[in-house]
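Written below as structure tokens is the structure these notes are about.
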Amino acid sequence: MAKRSRQSTDRSATIHDQKLVRGNGGELHQIAGGDTEVLTTAQGGPVADDQNTLKVGQRGPTLIEDFHFREKIFHFDHERIPERVVHARGYGAHGFFETYESLAAYTRADIFQRAGERTPVFVRFSTVAGSKGSFDLARDVRGFAVKFYTKEGNWDLVGNNIPVFFIQDAIKFPDVIHSVKPEPDRAFPQAQSAHDNFWDFISLTPESMHMVMWVMSDRAIPRSFRFMQGFGVHTFRLVNAKNESTFVKFIWKPKLGMQSVVWNEAVKINGADPDFHRRDLWNAISSGDFPEWELNLQLFDQDFADSFDFDVLDPTKLIPEEVLPPVPVGRLVLDRMPDNFFAETEQVAFMTQNVPPGIDFSNDPLLQGRNFSYLDTQLKRLGSPNFTHIPINAPKCPFHHFQQDGHMAMRNPVGRVNYQPNSWGDGPRESPVKGFPTFANPEEGQKVRLRPESFADHYSQARQFFISQTATEQRHIVMALTFELSKCENPVIRERMIAHLLNIDETLGSAVADKLGITKLPKPADAAVPPRDDLLPSPALSIIENGPESFAGRKVGVLVSPGADAALLKRLQSAIEKEGAVMEVVAPKVGGVEAADGSWIEAKHMIDGGPSVLFDAVGLILSEEGAERLAGEAAARDFVADAFAHCKFIGFSDGALPLLERAGVDPKVDEGFIGLDSPKSVAKFIESCRRLRLWSREMAVQL
Ligand code: HDD
């Protein structure tokens with residue numbers, strides 16, 4: 001295998017070290033010299049000329065004898081592998097999981113036995129519907145898949161940032177996914193649920209209503225992977241050494257709190273920086289600001305399951321935190337980006353069936369179906385049953401088996417023995433003591449294709465989710481549904497959806513109908529069982545109610561102009577950094593500006609490349625003359641107008657007033673504008689930013 005040190009891939013170093021020689025046709029050859037490695041073929045043969053194919057004469061035909069050319073093009077032609085059929089666009093990072101306390105009372109899983117134990121992990125976040133090259137801020141579910149390399153084999157917790165799912169039975173998975181993907185005849189829309197096929201399927205699938213509420217909420221447009229929750233969704237089992245089982249739901253909670261963007265902002269981010277979430281994770285980890293989540297467990301027994309309002313095997317239901325408080329059991333820290341995206345993030349293969357002894361499945365029919373699909377799909381994607389030989393997928397604990405051969409086998413059993421039992425005394429043996437003990441749950445019944453009656457309530461938890469949202473979040477749900485359904489060309493689909501929404505919440509249904517111009521409300525949809533209205537709101541379901549305590553991990557974009565107050569900028573920067581946040585300077589020109597005191601202010605962005613949608617709050621440190629000049633630029637006016645419309649906090653120097661005025665915003669309108677010139681104002685600005693957004697402004701802005 002080719003070995004290249006990190007240093008030798010640093011192109012600037014190699015360019016400086018090496019000699020550039022001009023060839024006959026004027027092309028440049030970068031020649032190895034000194035200690036630099038010689039370029040080789042994949043077979044290890046040294047290469048003399050990587051700029052020209054082998055020809056007969058200077059202008060003659062190319063020779064098939066040119067093995068270097070053929071190998072290089074052959075390999076290039078085969079570089080692509082099929083993208084994941086869902087969750088194609090994703091981004092991953094390495095880290096560790098640290099167990100807080102022993103959970104031996106509940107599980108024999110080795111990872112949970114010792115306080116302080118650290119287990120290496122690889123995590124991949126993703127969107128579901130879009131292709132590999134789609135944009136990050138699609139309105140979509142986010143995947144949250146964690147591979148724990150435990151001492152008893154890999155454990156994959158393949159979850160989402162939403163605790164419920166669209167369907168109750170895995171046999172419907174191809175249908176829900178076909179419906180959301182680009183329509184098959186026209187091959188659009190890309191990475192969008194706003195089209196007829198999706199809403200047609202949804203409106204004919206009442207079990208999806210709870211999930212639809214989540215997907216139309218701000219959860220589906222997170223500000224960052226770092227500010228999302230994650231959920232294992234299904235009920236799993238923990239099994240202890242005495243073979244006692246406890247049901248469990250897994251929840252990840254971000255240390256930095258939750259945060260989402262607004263839709264108008266998401267649309268603009270997709271244009272300004274389609275890699276917004278990737279870049280955010282890359283920047284945070286590369287700068288040592290390691291994102292962290294706590295793993296929480298909801299633990300319960302059969303009695304709780306029997307007495308709970310819904311069936312714990314139904315993946316369209318959750319257990320409210322207020323009913324069963326989650327217990328933090330460990331923390332996940334992401335502290336290293338992959339060396340190579342393809343080798344690690346693209347080739348990582350998550351599989352729900354990867355569980356260590358002590359963690360087991362429930363009969364959730366979605367989970368049972370997933371346990372088939374994930375193994376199957378890896379063969380298609382990675383091309384060989386030996387995908388576990390790829391380093392990112394290989395266990396980090398010792399492993400021994402007799403599986404052999406197949407495409408791309410990197411390791412085979414050594415010696416004579418490749419079977420057991422055998423008489424040679426060699427090779428691994430099964431262990432009833434250490435091996436995976438499937439929990440012996442008593443099962444009996446007739447073979448049937450039936451949906452359990454206990455799965456029939458499709459609206460009550462959808463309503464509970466809706467009434468648990470703040471007024472702002474409810475408004476976002478109304479706007480999202482209106483936007484999505486406005487893209488459906490078939491009016492029957494819109495009306496069918498309104499009929500469902502009326503079962504969830506009458507005000508929701510009528511508000512969406514009104515915005516869609518439907519004057520006569522349809523009858524509420526026929527419900528398999530009557531929707532309940534006695535479920536209490538669960539405040540844990542709101543993002544706004546569960547925001548962060550500080551502004552740490554967030555980013556302020558500060559627009560500066562020539563003649564800006566450098567001392568004020570410095571004060572602002574140190575306050576932002578003290579809070580654990582980041583400041584980036586935006587200037588009219590690449591490079592920066594000269595401040596009033598003659599010093600140079602370095603800028604990271606030019607105004608066109610650094611719109612305010614990329615930041616959580618903005619600062620305007622401008623001289624009056626600079627502000628007047630910027631007021632003539634659309635990008636500068638948008639910088640201010642968007643920050644205002646997206647309810648961001650805006651700190652400004654007095655000099656910025658001409659720009660604010662031309663952008664059509666009055667800094668006296670609300671407390672979201674903080675003048676930065678007075679002595680305590682920088683501290684006040686940071687304090688305000690901790691609220692993330694001034695939501696009360698939203699009604700005035702009417703986004
Ligand atoms: Fe799935 C990928 C999460 C239902 C079949 N799924 C995939 C990934 C995540 C999830 C995060 C990306 C993993 C990665 O980053 O490589 N899927 C879920 C959740 C579900 C769910 C939380 C419901 C609770 N999935 C589900 C069902 C099926 C699948 C019901 C099929 C019966 N999922 C797949 C798949 C994928 C996949 C086709 C595509 C790529 C892959 O597995 O490795 O097998």
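Cβ coordinates come from backbone N, Cα and C, glycine included.
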Suppose a student reads TrEMBL and sees Arg124, Phe173, Arg370, Tyr374, Arg381 listed for heme. Which of Arg80, Arg84, Arg219, Arg429 should they find annotated at that same site? Arg84
Cα distance (Å, whole number) from Asn160 (active site) to Arg84 (heme binding site): 16
Expressed in angstrom and rounded to a whole number, the heme site built from Arg84, Arg124, Phe173, Arg370, Tyr374, Arg381 spans a maximum Cα-Cα distance of 21
Which residues in the same chain, at least 6 apart in sequence, have a Cβ under 8 Å from the Cβ of Tyr374 (heme binding site)? Val158, Ala349, Phe350, Met351, Thr352, Gln353
Counting other C-beta atoms within 10 angstroms, the emptiest spot among the binding-site residues Arg124, Arg370, Arg381 is Arg381
Provide the three-state secondary structure of Asn160 (active site) computed with DSSP. strand
How big is the gap, in Å, between the Cα of His87 (active site) and that of Phe173 (heme binding site), rounded to a whole number? 13
